[in-house]
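The structure under discussion appears below in the form of structure tokens.
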């Protein structure tokens, strides 16, 4: 086996043993092993990789209405979720990156479905002879 093929095989074996939360600081040579270092504060590595850097942790700042669901660790990125009263409008890698405030129903409408973390509030119009100020879950009959 030629030296270049042996070097390539050595690199493959070495990279398959790199642990999560580490990155390659120095690649192996014919004489030295690969040197791997743990990711620093605010960074992570979520896969075995030959990368020479760690990924930067996400910050839940995609606009108003986001909060941290799970903090960043050396092995995984931050996961964001919508705050109470908001729903997620854009998800990337299981993390909410944009949230929007739930709509308010208007007078003459009732709350058909209360908003959730993944869906907006649904409003429906009241039928004749009933009313709602927009905060009711059912329209109320007019009193005579």
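Just so it is clear, glycine is given a Cβ too, placed from its N, Cα and C backbone atoms.
According to TrEMBL, the disulfide bond annotation covers 39-54. If you draw a 10 Å sphere around the CB of residue 54 (disulfide bond), it holds 20 other CB atoms from the protein chains shown.
For 38-80, the entry in TrEMBL reads domain 'TNFR-Cys'. The helix, strand and coil residue counts that DSSP assigns across the domain 'TNFR-Cys' (38-80) are 0 helix, 12 strand, 31 coil.
According to TrEMBL, the repeat 'TNFR-Cys' annotation covers 38-80. Confidence over the repeat 'TNFR-Cys' (38-80), given as mean pLDDT on the 0 to 100 scale, stands at 86.
Marked as transmembrane segment by TrEMBL: 6-24.
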